[in-house]
Amino acid sequence: METFTNDRLQLPRNMIENSMFEEEPDVVDLAKEPCLHPLEPDEVEYEPRGSRLLVRGLGEHEMDEDEEDYESSAKLLGMSFMNRSSGLRNSATGYRQSPDGTCSVPSARTLVICVFVIVVAVSVIMVIYLLPRCTFTKEGCHKTNQSAELIQPIATNGKVFPWAQIRLPTAIIPQRYELSLHPNLTSMTFRGSVTISLQALQDTRDIILHSTGHNISSVTFMSAVSSQEKQVEILEYPYHEQIAVVAPESLLTGHNYTLKIEYSANISNSYYGFYGITYTDKSNEKKNFAATQFEPLAARSAFPCFDEPAFKATFIIKITRDEHHTALSNMPKKSSVPTEEGLIQDEFSESVKMSTYLVAFIVGEMRNLSQDVNGTLVSVYAVPEKIDQVYHALDTTVKLLEFYQNYFEIQYPLKKLDLVAIPDFEAGAMENWGLLTFREETLLYDNATSSVADRKLVTKIIAHELAHQWFGNLVTMQWWNDLWLNEGFATFMEYFSVEKIFKELNSYEDFLDARFKTMRKDSLNSSHPISSSVQSSEQIEEMFDSLSYFKGASLLLMLKSYLSEDVFQHAIILYLHNHSYAAIQSDDLWDSFNEVTGKTLDVKKMMKTWTLQKGFPLVTVQRKGTELLLQQERFFPSMQPEIQDSDTSHLWHIPISYVTDGRNYSEYRSVSLLDKKSDVINLTEQVQWVKVNTNMTGYYIVHYAHDGWAALINQLKRNPYVLSDKDRANLINNIFELAGLGKVPLQMAFDLIDYLRNETHTAPITEALFQTDLIYNLLEKLGHMDLSSRLVTRVHKLLQNQIQQQTWTDEGTPSMRELRSALLEFACAHSLENCTTMATKLFDGWMASNGTQSLPTDVMTTVFKVGARTEKGWLFLFSMYSSMGSEAEKDKILEALASSADAHKLYWLMKSSLDGDIIRTQKLSLIIRTVGRQFPGHLLAWDFVKENWNKLVHKFHLGSYTIQSIVAGSTHLFSTKTHLSEVQEFFENQSEATLQLRCVQEAFEVIELNIQWMARNLKTLTLWL
């Protein structure tokens, strides 16, 4: 293992000379504050801005930045003339001015040519200018109010490609694939053959399908009426990742055909498609492994196919492997046959009808533990040395599978269900039908090092992926615009099932926290409806965000709470039965609900107000005698009138639930539907207070006008437990969000949380810590150290009793243990009580034992963070990182390492993860987010992202969740106009596709909101905090 030394690494000067060092109002000049910033510019050598860090899989011969930009533009435009870019560039660079500076006199012939060129150029410009609002895009030129007026694409051989759209035509559909693969894990290449059975739905001559990165050696075609194979021409159009097979005869409606393609390709070195992994086992031996990740658009890189979710078909898969390897695919193994080369060919049974993105196969050394569940063999796989960490996953899967089969009243349709821990995997997990793939830390559980939070994570992710076997696999969205039908349902069922089966885990606390954070994102103007039109690969990747997952789940929770659990269950059972093995749209779901509710409620009309518009409502409530006056408007985090005026038409159908002091809370809850801008609810008696949005089951924020907030604050101080812990957390969230936009004074928010001295539940305390930590971070990053210290002191006084009651053990219920973890992390982060002393004592004992002494798992991260503050502690943690067999423990060490105040170490961590040798690249997003939360790491994280942007988008697809996370994690704490300008300027100099990414627009907006928040509240904080 490579060791770390500070003198090994020189930080680039531009990472020191950050714009944060420029003086501006309310900003500390950090260059003059060595105690706040551990590096002086003169201590480091200059590293040229153009220097490159090699990324695993990119190799040494990388394009320079200009060439990368040029090639990116070529791909974006999709025009054949861009293929000549290098030639154009070479000829241009051949021009040099005469040494003597003189100009030669042009000949008459040259003048004539020049005049001709000018006339042609002027003519072209006039034609373009006179075109009626023509916009050139990846698809071509779209005129206003017209569709499909596209530039005819040119195939790689110079011929016209017969299809110009990103979406495939529907004249031909696949019915069955026979796929044979022979991967070589030494050379990281593979040979493949795919035979596709086709049916013509319309007369056509061309077969358009997806393929990318394949060296196609043979294409043959055969009709059902003729058993003779014919070699056919193939055209390739890489910009849409499509190929066209020109059939030797017209394909007739209703007739069947067979297409066979033989090809070879590289095993990918990214995290997409059929990709390779190299890892080191416990004996320090290098091992090769190959796995797949096809969602959303990568099946086409493993085999030519109709790579859209609506094109469902069956699959027969054969894989040739070494004898010591195991091969897995979606279906049970049918046979294993030795080959002449001394290898083994495994054939798997024909699959059920499914989408291409759900196809999966894995080759490598694995062991498994299995259990039969009503005829389905459930197996959990891991690399051999980690097989002892699969017991929890197997037990959890068995319980969840039985629950889902009973709840949905549909049996799991396959004979086997495999769950595999992949040594290097970007996504958290993937729901491939019958072959679920996971990161090791989201499937494996080590009793000695995994905390209660780790246990909840593994349990929830298994629940999520199992729910997909029905929502997504059995019933699939037609196109990626309705991704929320897959992810929203799986996320909802994740929390619902865990709450039913593992009630002691209190998963509702996590769901509540997820809803709070999702609403912060959804309130932004850069948000989007969860059902949104998408076309390009970047737009599709961007749909995999917290809105598709958690807003989708939140809307289903709201609907279940409004209709009742019985009606909700009946409707989804009907939905699954009616659309099994089909591809559907949102309307199909709402039609199932309407069928169950009859004429009592138009669910489709109600829910479209939530799925087809972005954002959510702010409901203002006013008590007036025995009346509740209600008014709805869109919630905006900004008070800027120009933004609010543009969205005055928003209207939601809002389930209004409420409790009051006039009734017993556990017995009384009233619900009505607010489907207009304002309405009145008549109460049976006059009340002192009202709490709207009971248990925060509705997806909206509530403002209590006039004395409404004061009445609730008084009640919390008298007796907070008349409200549930969900409602108390909901009030804390709502009042801080409203204070942020100026609806209520910030001091009122702090008055509300004064009751926390008497709070014993996790959800309200963790929400208060989250809200106050946001304020602390903004103050700290601007250098307001005295003010941020006074804020910590105030919060500490509220929670002092709870902190002093904590023990450094793993005792108590899961909720109590998570509260202990949160409180002690807060106390140690700010050196409160004797927290640092206790953590240091535990760390020193652990270090003295060479890492063999057990630590309480729930406080392990806090102990490691305190230990990492010293040079000796940091280096010891780093030395232990690679030798640890538990991914849960490694993640805790990595978070501690990335929390250092030493910029050299932080930069080295990010660089090492990008390289992928010592720290896997899958961890880079976690490292950047952690560094970005620190002071002064937030400056370093952004500079690192800027310096390595091209490498990042090569490794992680543009628009992917990882890129979204990296952009947000490196910019979300900026709150100055200087930094806003810097971030804007950087992305404006990237491609148009990059600039238009929602995560980029969100970054601009978040910084602007941070600036507004500080302008609105800094003076107030200074006066009374």
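Glycine too: its Cβ is placed from the backbone N, Cα and C atoms.
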- request: Run through Asn83, Asn256 and tell me the one Swiss-Prot describes as N-linked glycosylation site.
  value: Asn256
Task: Check Swiss-Prot: it lists Gly428, Ala429, Met430, Glu431, Asn432 as binding substrate. Then name which of Glu295, Glu308, Glu542 it lists for that same site.
output: Glu295
Message: Say a student had to find the phosphoserine annotation in Swiss-Prot: which of Ser86, Ser91, Ser981 would be the correct pick?
response: Ser91
- request: Tell me which range among 96-101, 210-215 Swiss-Prot lists as region 'Tankyrase binding'.
  value: 96-101
Message: With respect to Swiss-Prot, which of the residues Ser80, Ser507, Ser564, Ser900 bears the note phosphoserine?
response: Ser80
- prompt: If you run the three-state DSSP split on Tyr549 (site 'Transition state stabilizer'), which class comes out?
  reply: helix
Message: I need the neighbours of the substrate site defined by Glu295, Gly428, Ala429, Met430, Glu431, Asn432. Which other residues of that chain put their C-beta within 8 angstroms of the C-beta centroid, in sequence order?
response: Gln293, Ala427, Leu436, Thr437, Phe438, Glu465, His468
- line: Asn256 (N-linked glycosylation site) to Asn432 (substrate binding site), Cα to Cα, whole Å, comes out at 28
Message: So among Asn215, Tyr549, Asn682, Asn695, all listed as recorded positions, which is physically nearest to Gly428 (substrate binding site)? Use the C-alpha atoms.
response: Tyr549
Query: Of all the binding-site residues given, namely Glu295, Ala429, Met430, Asn432, which is spatially nearest to Asn447 (N-linked glycosylation site) at the Cα level?
result: Ala429
Message: At a 10 A cut-off on CB-CB distances, which of the recorded positions Asn184, Asn266, Asn432, Asn695, Asn850 has the highest count?
response: Asn432
Message: Using the alpha carbons only, what distance in Å do you get between Glu295 (substrate binding site) and Asn695 (N-linked glycosylation site) once rounded?
response: 35
Field: Cβ neighbour count (within 10 Å, all chains shown) around Glu431 (substrate binding site)
entry: 24
Message: Within its own chain, what residues at least 6 apart in sequence put their Cβ under 8 Å from the Cβ of Asn682 (N-linked glycosylation site), listed in sequence order?
response: Thr626, Glu627, Leu628
Message: Let's check the environment of Asn525 (N-linked glycosylation site): how many other CB atoms sit within 10 Å of its CB?
response: 18
- prompt: Here the glycosylation sites are Asn368, Asn374; which one has the lowest number of other Cβ atoms no more than 10 Å from its Cβ?
  reply: Asn374
